[in-house]
Amino acid sequence: GKDLTFVFDRVFGEGATQEEVFQHSTRGLLDSVLRGYNCSVFAYGATGAGKTYTMLGSEQSPGIMYLSVVELYKRLEARKGEKSCQVLVSYQEVYNEEIHDLLEPKGPLAIREDPEKGVVVQGLSLHQPSSAEQLLEMLARGNKNRTQHPTDANATSSRSHAIFQVCVEQQDVAGGLAAGLRVGKLSLVDLAGSERASVANTRGERLREGANINRSLLALINVINALADAKSKKSHVPYRDSKLTRLLKDSIGGSCRTVVIAAVSPSGLAHQDTYNTLKYASRAKEIKRAAGPSALSVPLKPKVLGSRCPRCRHAVRCQQLQAEVAELRAKLRGQQEAEERALVLPPALVCSPGGLPRSEAPVPRPCSSGLADGREGHGEQLEAGWPLGPQLGAEEEAPEEMPASSPGAAQQAGTLQLQPQHPSCLLQGLSCCQTETLLGALLSVVQKQSSVLRAANLL
Ligand SMILES: Nc1ncnc2c1ncn2[C@@H]1O[C@H](COP(=O)(O)OP(=O)(O)OP(=O)(O)O)[C@@H](O)[C@H]1O
Ligand SMILES: [Mg+2]
């Protein structure tokens, strides 16, 4: 006998038209979808309360699914000059924890999560209705394939959750492949009714269906509770507890906009169901959209249509390739700079680890100081220093592994034998003639090496 008050954004009476309900519940979401957000509308409530009527309606009085797409087409038509658009629709049901395509029925479909593409139902058919009539026919056909059975509570009771999804991809007419690409998704969900087996008087298969329905509705409620609980912002949201919540993971919470339409019976006999429905609908109202720039900006969201829309896939690939090219360019620049630095190293470091000189003018400099320092005596040192020319040639074929003290090892460390420990040691005691011969030999070796380098395009 308590008076309870619940506050909602809008309350519709028994006489409200389909158009009115659409105007004040879903119409506003279309702006967000066109801006690239994922949005969802759920019809929630007890069995027989009017969820299917609200979402699907009848041919004479079509519901939110039909009215949304017609309105969407109108808006896209108005943007025709500036945007090129593509609309893809799908219609599926979750029945007894299995996903079925309602437009092209086949066996149960697998669901998987792709880091790039988001939630993907494998093999789900996608369609592009070209007119409102075609869309209406599609919805009627899909609904014929939907699992529904009479129960005591509703002669046409939906025994599955139906999900009608509309993906909208828009791109600037002028501009590159990925210019102004926006992808948004609208999920319109007609849930199966929450039911008490005693009221619906279900037995056998219907009872099993009812248990599955209640289980997935409970999973949905748990997800809503986790999202609504501000304290559990960082805690776990149990999306994986049912097929329904896994399927809608990218459309509830985060930066998505969600509308819950709570359907209740005006009969006092249904007060318990009405109370439960209003309680959960109020809970859903507590979900706050993720704040911050990520929720406000409209990033490219390939995950929404990435797997389905070729143009979207190409745009994403194009972005990846551009990033790859930029990375390779940076690497190339770094390499060129390193090579340029190597070319201007001091002449003493003219030999590359492989034994090839990297400059044409290295030899005379270390030796010139020797020449200036004196040329007499030290004949043995000439013997020691003379094999320089042949040594250079030999270095080219030197085995890779050498004792650290060997001349080859010195070269591998980037130094050349020519670099004297004491400036004058190599040429000390040489006669003028010997020095000239030595320099001539060195010059010819250097010329030979540099022509090899030129041929190899390294100079
Ligand atoms: N606003 C309405 N105006 C006219 N008829 C309605 C309205 N709402 C519901 N109905 C009728 O009531 C019956 C039950 O509605 P509906 O099938 O939409 O319930 P439901 O909530 O989808 O139930 P279930 O969970 O069992 O699928 C249907 O025959 C439907 O046409
Ligand atoms: Mg229904």
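In case you wondered, yes, glycine gets a Cβ from its N, Cα and C as well.
Sequence annotations record features per position, and here TrEMBL assigns ATP binding site to GLY45, ALA46, THR47, GLY48, ALA49, GLY50, LYS51, THR52. Taken residue by residue with DSSP, THR52 (ATP binding site) is part of a helix. Note on THR52 (ATP binding site): other Cβ atoms within 10 Å of its Cβ, all shown chains, come to 25.
Summarising the annotation, TrEMBL assigns compositional bias 'Low complexity' to 401-416.
Feature annotation from TrEMBL assigns domain 'Kinesin motor' to 1-287.
Taken from TrEMBL, the feature region 'Disordered' applies to 355-416.
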Other CB atoms within 10 A, centred on GLY45 (ATP binding site): 27
Largest tally of Cβ atoms lying within 10 Å of a Cβ, found at which of the binding-site residues GLY48, GLY50: GLY48
For THR47 (ATP binding site), the number of other Cβ atoms found within 10 Å of its own Cβ: 26
For the domain 'Kinesin motor' (1-287), the mean pLDDT of the predicted model: 87
